[in-house]
Amino acid sequence: MSINLQNVSYTYQAGTPFEGRALFNINLDILDGSYTAFIGHTGSGKSTIMQLLNGLHVPTTGIVSVDKQDITNHSKNKEIKSIRKHVGLVFQFPESQLFEETVLKDVAFGPQNFGVSPEEAEALAREKLALVGISENLFEKNPFELSGGQMRRVAIAGILAMQPKVLVLDEPTAGLDPKGRKELMTIFKKLHQSGMTIVLVTHLMDDVANYADFVYVLDKGKIILSGKPKTIFQQVSLLEKKQLGVPKVTKLAQRLVDRGIPISSLPITLEELREVLKHG
């Protein structure tokens, strides 16, 4: 499922003394089956774009096209409902949205809300809970009895149970320890390998380098760079000026260049660095 934004602008609280422009004439494509990352400083417009992708917001001007279905300023909620089923949005700290009395019921709620039978919803819930690493002995537990990492997995399973074609992740590993972050990113990688389109908002440049195949860089509501991670992370000075930084490996390689060691193309992953050091 592909997504296209055409001349999209968004203004919060439009027509009031408190209005603020969040996005300015955004044009972008998210290709079917891609793993697209959005990076930018706080207030750059990343989260606003995420909420436009599944119709949580509608554009003030312009068109958001999801699988050839258009969302405009005039779109009604009932017209957007099918888009929300196909574009799953995982907020920061999604565990805050848990509410049912058991893990299984919480994950099954979403599919039932979209008209799936209780039996099929439970089957989907079991399947997705297993996929995110929640063991069956936890299914009848109250979600709030689980650890923070387990609660987040349950919340993500709830989104996956609605069988989205696109998964939008807004800082999905925020607050997790390195082990939990790695495990969660591995789950998303496997989903992408299975054919799902992944959209990631993150401030962790190593994750962008290791997982994404395309990157948009936002600043003050505008796209200032776009391209493959390898190309984007060659712009070390610009990214550091925007307080975004680069992958750790890239930063190390840049220091070597600054000391006179010739490196024609800065590596962005550990594997690439090994190749550079091996072959000179």
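Any Cβ shown, glycine's included, is placed from N, Cα and C.
Note that this is a predicted model, so its numbers are computed, not measured.
Annotation comment: Swiss-Prot describes Gly40, His41, Thr42, Gly43, Ser44, Gly45, Lys46, Ser47 as ATP binding site, evidence class sequence analysis. Positions annotated as domain 'ABC transporter' by Swiss-Prot, on the basis of sequence analysis: 3-245.
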Subject >> Gly40 (ATP binding site) - helix vs strand vs coil (DSSP) >> reply: strand
Original post:
Relative to the Cβ position of Gly43 (ATP binding site), how many further Cβ atoms are located within 10 Å?
Top reply: 14
Subject >> For Ser44 (ATP binding site): intrachain residues, at least 6 apart, with Cβ closer than 8 Å >> reply: Leu218, Asp219, Lys220, Gly221
**OP:** Tell me, roughly as an integer, the mean pLDDT over the domain 'ABC transporter' (3-245).
**Re:** 94
Original post:
Taking every protein chain shown into account, which of the binding-site residues Thr42, Ser47 has the largest tally of Cβ atoms within 10 Å of its Cβ?
Top reply: Ser47
Subject >> Long-range Cβ environment of Gly45 (ATP binding site), under 8 Å and at least 6 residues apart >> reply: Tyr10, Ala22, Leu23, Ile26, Leu218, Lys220, Gly221, Lys222
Subject >> Neighbourhood of Gly40 (ATP binding site), C-beta criterion under 8 angstroms, separation at least six >> reply: Lys46, Val217, Leu218, Asp219, Lys242, Leu244
Subject >> Site with most surrounding Cβ atoms, counting all protein chains shown within 10 Å, from the binding-site residues His41, Lys46 >> reply: Lys46
Original post:
What three-state class does DSSP give Gly45 (ATP binding site)?
Top reply: coil
